[in-house]
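Features as listed in Swiss-Prot:
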type	residues	note
BINDING	ARG197, ARG237, GLY243, GLY244, LYS273, LEU275, GLU280, GLY306, THR307, HIS308, GLN348, GLU362	ATP 1 binding site
BINDING	GLN348, GLU362	Mn(2+) 1 binding site
BINDING	GLN348, GLU362	Mg(2+) 1 binding site
BINDING	GLU362, ASN364	Mg(2+) 2 binding site
BINDING	GLU362, ASN364	Mn(2+) 2 binding site
BINDING	ARG770, GLN809, ILE811, GLU816, GLY841, VAL842, HIS843, SER844, GLN884, GLU902	ATP 2 binding site
BINDING	GLN884, GLU902	Mn(2+) 3 binding site
BINDING	GLN884, GLU902	Mg(2+) 3 binding site
BINDING	GLU902, ASN904	Mn(2+) 4 binding site
BINDING	GLU902, ASN904	Mg(2+) 4 binding site
DOMAIN	734-931	domain 'ATP-grasp 2'
DOMAIN	999-1154	domain 'MGS-like'
REGION	611-997	region 'Carbamoyl phosphate synthetic domain'
REGION	998-1137	region 'Allosteric domain'
Amino acid sequence: MLRSISIASRAAGPVRPVARARTAVGVVAPPRVCCCAPAVGNYGQVDGKATLNSLRRLPAGYRPRSCPSSRSPDVKKVLVVGSGGLSIGQAGEFDYSGSQAIKALRESNIETILINPNIATIQTSHHLASEIYFLPVTADYVAYVLEKERPDGILLTFGGQSALNVGIQLEKMGVLERLGVQVLGTPIRTLEISEDRDLFVQALNEIDIPAAQSTAVSTIQDALDAAKTIGYPIILRSAFSLGGLGSFPHDEEELRNLAAKSLSLSPQVLIEKSLKGWKEVEYEVVRDAADNTIICCNMENFDPLGTHTGDSIVVAPSQTLTDEYHMLRSAAIKIVRHVGVVGECNVQYALDPNSRDYRVIEMNARLSRSSALASKATGYPLAYTAAKIALGHTLRELPNAVTKSTTACFEPSLDYIVTKIPKWDLAKFQHVERNVGSAMKSVGEVMAIGRTFEESLQKAIRQVDPNFAGFEAYWKPEDMITALTNNNDRRLFAIAHAMLNLDYSVDYLHDLTKIDKWFLYKLENIVAVHKQLRSTPFEQLDKELVMTAKKTGFSDLQIAQLTGKTEAEVRTLRKQFGVTPFVKRIDTLAAEFPAYTNYLYTSYNATTHDVKFDNGTMVLGSGVYRIGSSVEFDWCAVTCSRAIRDLGKKTIMINYNPETVSTDFDEADRLYFEELGFERVMDIYDLEGASGVVVSVGGQLPQNIALRLKKAGVQVLGTDPEMIDSAEDRHKFSSILDSIGVDQPAWTEASSLASAKEFANRVGYPVLIRPSYVLSGAAMNVVWDEAQLEHNLTLATNVSPDHPVVISQFIDNAQEIDVDAVAHKGKLLVHAVSEHVENAGVHSGDATLVLPPFSVNQHDLGRLKTIAEKVAQAFQISGPFNMQIIRKPPTGEEDAELKVIECNLRASRSFPFVSKVLGHNFIDTASAAIMDTNVPAPIDLMAQKRDYVAIKVPQFSWTRLPGADPFLGVEMASTGEVASFGKDIYDAYWAALLSVNGMKLPKANSGILLGGDITRPEMTEVAKNLINLGFSLYTYDPKVEAHINDQPYLSIKKILVPVKDKKKLREILEEHEIQTVINMARSRAATTLDEDYAARRAAVDFGIPLINNPKLAVLFTETLEKKFVKNNPIPYSEGFKPSEVGSWRDFVGEAATTKLEGIAWTGEAYCIILIPGIGV
């Protein structure tokens, strides 16, 4: 725990320790015009304004200028730049930070404009910002919005690396100065210094802060030369990039390939001396324009340096630091003051475990992933406070929004320990490298709170995956030494195996892993209790041992597995002993001052409750972000919680994801930062005496325990869990569809391999393997022959051994349609029909969705509505549901075939998309249906004509997953989504495509690499479109070469694609100026020696756009044809506005159907009004 803290204020004199959670004394009033500390040099007073008067070792390009005023009374309109689609390295934490920033602006009566194409986020809901632009977060498009809206200020530090890079570009373009837009908070020059590694090291040298020996380079040869000078081992780090794009090359050839890859994605890389094995420590710092500075939180990585902090287990506060804590704290304050941060930032250190020697790794002068973790770990509203500081407020005048009883100038103090564990989904990808290093690979993270490290860690392990009971030996590698020495996504379980089964000592494990012995001794405590439980018969368990186990973080299921009993039997015994958890409050002050927060957790290391209980309605959140469940389910959970509160009912949110808005302090009457498993939900339900539980807005995780909750006597609100179970079980679901006359593909229950083969031969290949109770298509596969059938059927049954596996006919070349809907007691209230661009066979989460649908006629829309009505009635649905339907186009006068392939009796990932596109909040309607209160009348949104189109495009993170095959199939692979509006499908797709992080359009006369299945009818059409646009076509496949060259007026050249030599492959792509890869392969590569695989992988490795679906390739080329001028995209120019540049209100406007509280700007203050026709 932290023993003492202080508030640093230059005005108050030298830094001195004070009692924790107390403000500094002697803080004097700021000067008439307050200023931030300079990036370099000292400020002096001239005519009441602070100016730079000492130029000592200025970084190149720095221009002395007056310091900005601490207050901005003229700022009445501010543009907030969002982060775009979720990707590895830049995820949902920016929805949280951006949402808090917008709330802070609203409180200050400032009109807020938001640009963010991530339609799944809370911040893009229209009760927050007054205008929202679903446009690319690029300098050009932000400039278009600035031209149109003419704001007074811009906030760049709440949209991650994307927003920061855009701000720097806008400054260089001169747009901000020309339009008179003030950068609020941290100035651009400070952002540049923090991002340019060379300038940052220069700044650190000026104040005698040590940094790792490094050289900034922008070419491959310079990287090789720098490495020779510094000497291996080295680390290669990218500047201006998110999520630590870097790695540890061991020799010249590895460095050459890594530098080429990094320089294709970032303009500069840093070659540093490797400090692998040192401790890694972070400090979150807040500073205002009057130079008041506090440390919000310090965190320590469980894993030593060498693993990206986003992929590390992290604890807060630090546990193994002594005097080093104050040394690094003072250095962080010194750095932040020197470079001139105004707002929030984090400083990362490498600390020698055997001395007080340290190095600064980096500084993020913006809200970051660590900021979100620190904010949730301490209860301190970092993003809210940073936004207020950006408007000129000081820490000492800002109230703490959480405690209501202190100011923001109080440093948080913790009487608990927080553990963060990353969530990797590497097992979903074929050929992926599972090692974990300096390049981030995790897709999400969990945060657990306990009173001991053991309790906190075991909680966090269960939060990562419900299949994990705790610190157990889930991985038993054959080569233990390699598994422990080289970090990977399963090393924690290898350590458990080493300690539980192989009796490795703490000293030996420390030598292998370099993990601090303090942490290893804590793991040894868990192992000791584990062994005691394993050796004690259930009948001999006493209260003392059960209490010890619970205090050490063991779950009921874990104890049951060790004693040979069921979870229910352990729960019954535990309650008989009176061993139940206590509810504790996070007050940010370690209980030193009265503070009545609603931010709660449970612990067995306590003796009293901190709260009284009041029968609220529980809403189960989505848990950790992972592929298949991301920010869209947080939007659903938050929206539902707000709707229930609007009905006058108290809400209880349960979630453990620090990146979410649902875990914000003001989104529910009570927030439990807790597990979403059966045991903990039941504990909270019993303690609170809750009036009911909502399980249908948090994705698959809450659904999986719905039936158990009902059987335990819980009042599950909305659709009956028995019906949920029937829809989740493919066999039961198909039987119900048969009974109501809704068509579906032919199917059978695969009870044996022989019966599966017989079915496949009867209906014909391809067939689809579908296990029950899975999310994002885990283990689903299209099977094209008998050999694949054997392999995939085995894989599927391993995923869900307790549920039957369904094998169904796969309809090739069919269209897929999503139907999102809400019903009440079996009656359909509202529905939306979205059309996939890709044919069936691509997971709906990876598909490109179009709304309103572009090729479904009114007759088929009516038939789809009828199917939705039948399904709602059959399952007696009360709440949200989603269906995926196959549409086989007719061959003659008959109707198109419509076959239901899946139905989820919960909100889907497309609910935010359809709600915002149609202007009707589906979750508000669903919440009314769930609560059976104020249920609206049915409405047919699809019968209304609209003069706009919206397209949702997936965001992939292939670059972060070395070796993974970038192929689209029935198993989901995307990490996020973006969406844009347009007057037609081409405008919308153009904007959505450019919204994808890292998307670079091909230039005129460049090369396109074409490959894949020549039987695809789209291949010839795509080739014709590209040649008409002036592109040169290349292929590596002789079949493609022959096929294209046989067509009139088309030509393609065959080139070599080396499948083993990355260096040679890169040179060939550069030689032929390949700027896009289009691959139409029918199936995933069997090996890494496949040329299609090599081409796809090369595209993502070297930052080349990849189009890997035939239908998508047609839309891509048609869009280029519509949007290119002289075979090139139109660059930004003053006074020009592309047709897709419009706000949500510009496009949706009066098409919105739900009356909802909106925000209007009167010129003096925000007014909360009812806007006719405005929803979402």
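From the backbone N, Cα and C atoms, a Cβ is placed for every residue, glycine too.
Remember, it's a predicted structure, so these values are computed and weren't measured experimentally.
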### Query
Near the Cβ of GLN348 (ATP 1 binding site), how many other Cβ atoms are there if near means within 10 Å?
22
### Message
If you pair up every Cα among ARG770, GLN809, ILE811, GLU816, GLY841, VAL842, HIS843, SER844, GLN884, GLU902, the residues annotated as binding ATP 2, what's the maximum separation in angstrom, rounded to an integer?
### Response
18
#### Entry: Among ARG770, GLY841, HIS843, which are recorded as binding-site residues, the nearest neighbour of GLU280 (ATP 1 binding site) by Cα
HIS843
### Query
What is the interatomic distance between the Cα atoms of LYS273 (ATP 1 binding site) and GLU362 (Mn(2+) 1 binding site), given in whole Å?
14
### Query
At the level of the C-alpha atoms, what whole-angstrom distance separates GLN884 (ATP 2 binding site) and THR307 (ATP 1 binding site)?
40
### Task
Could you say which of the binding-site residues ARG197, LYS273, ARG770, HIS843 has its Cβ with the most other Cβ atoms inside 10 Å?
ARG197
### Message
Nearest by CA distance to GLU362 (Mn(2+) 1 binding site): which of the binding-site residues is it, out of ARG197, THR307, ARG770, HIS843, ASN904?
### Response
ARG197
### Message
Roughly how many Å lie between the Cα atoms of ARG770 (ATP 2 binding site) and ASN364 (Mg(2+) 2 binding site), rounded to a whole value?
### Response
44
### Summary
Secondary structure of the region 'Allosteric domain' (998-1137) by DSSP, residue by residue, totals 54 helix, 23 strand, 63 coil
#### Entry: pLDDT averaged over the residues of the region 'Allosteric domain' (998-1137)
91
### Message
Please identify, from the binding-site residues GLU280, GLU362, the residue with the sparsest Cβ neighbourhood, meaning fewest other Cβ atoms within 10 angstroms.
### Response
GLU362
### Task
Please report how many Å separate the Cα atom of ASN904 (Mn(2+) 4 binding site) from that of GLN348 (ATP 1 binding site), as a whole number.
43
### Message
Restricting to the binding-site residues ILE811, GLY841, HIS843, GLU902, which ones have a CA within 10 Å of the CA of GLN348 (ATP 1 binding site)?
### Response
none
### Query
Secondary structure at GLY841 (ATP 2 binding site) (DSSP, helix/strand/coil)?
coil
